[in-house]
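The N-linked glycosylation site feature in Swiss-Prot is assigned to 5, 205, 281. Per Swiss-Prot, transmembrane segment is recorded for 41-61. What Swiss-Prot lists as heme binding site is 464, and the listing cites similarity to another entry.
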């Protein structure tokens, strides 16, 4: 039986055999080791783990031969730091300037910045080459829904079926049939600006008002009812939820690259605090309302409603579709309009030319329509230049390499690949004076600019479904606004590009504008 010396400051065993006592005494000393030693051991183990992983990424990984910033080649820190700050687009552009057209920005991720890369990654497959499927990012984008949608479906065959189902609603013909709904909201928008942002006022924050207009249009088109932001003058809460949702997606897209950390985050973050659930739950409520409308409507989702009622499409799939259409369609168009407003106001000669051409094209406000607006050459040049200078999806569209060769370099299968729109459109190799707002470049037959370097709507079998809708709204809003008013930027010194940040889509600074009725006879829509 072992006795213990209870008078000692530590609990020491006493057996009566000196040798055994010494052995047991040494053992119990381990139990009294302080936490610092244990902590140091854990730190050493973790450090060794990092050194091993970083060494593999730097010298033995299949992408080890590709250049890039040190933190990007060895770890995820480069991506984490710059994406959390909303400046990943700018950091990647700087990396391309230093390292060339192909840059390794994460251990298993390559960024591309060449005209050839657009077709190689997003174009139709040629000569038996497989199509590059969408990347794991889209799994994160679909979070909150129990169904994939046209924006998140990664399987090319399933995506093609979804596109075929939705294409008629977004065709030029389909949209012209819906123009009355779109124009009705825009007319209200133009009227409200004249009332609230005329001479003597502080102006209105057009960053928010363009979002309100776009969301009201999409409320009509996707859910059968406006969000009434233009009526109240207050952004609908869903617009703010969308921006928070996009920030959460940025965070989760980083975490998903470290599997165990993503699982831990899922356990630590209560579902009620994750805005993706607010987004999906509100979408479900709105879809239920839309399905309850019995009167026939000519909008985006009429075909979907019929298919849900026929049992061909689930309500959850319809919900995922309309949520994606609202987020992508609302934010991107509003972003482009905000950028164009700032660029035009800061370049009065461009604004004057555009205004004159619009007012010369239409004698009355009622004459303005989508078809005639899109026949004004300088208006198209202005829109193209705005999309180049401020690409609405500057974060890119990630894909997974099926295994292909580009610029004489083999891109291993399974590599995450992405074209950086910002890097290409701000490269002097493709556009002269890339940081200048020069719509004339799109009209000059002698221009040496490589126009195909700007692909705001992507290309190939998974190009932007809403391209025609976006162009229709951009043309109608600009034509009706500039026909009705002269524009005055209040915060003239704003650096719009520098103050905007990317979290999937753009977070933009306030842009305050006054709208003056022109001296010549005009029209104030009712």
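Cβ from N, Cα, C; glycine included.
Note that this is a predicted model, so its numbers are computed, not measured.
Mapped onto this structure are the features recorded in Swiss-Prot.
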residue: 205; record: N-linked glycosylation site; Cβ within 10 Å: 21
residue: 281; record: N-linked glycosylation site; Cβ within 10 Å: 13
residue: 464; record: heme binding site; Cβ within 10 Å: 20
Length of the line joining the Cα atoms of residue 464 (heme binding site) and residue 281 (N-linked glycosylation site), in Å = 25
Whole-number Å only: compute the distance from the Cα of residue 281 (N-linked glycosylation site) to the Cα of residue 205 (N-linked glycosylation site).
-> 29
Where does residue 205 (N-linked glycosylation site) sit in DSSP terms: helix, strand, or coil?
-> strand
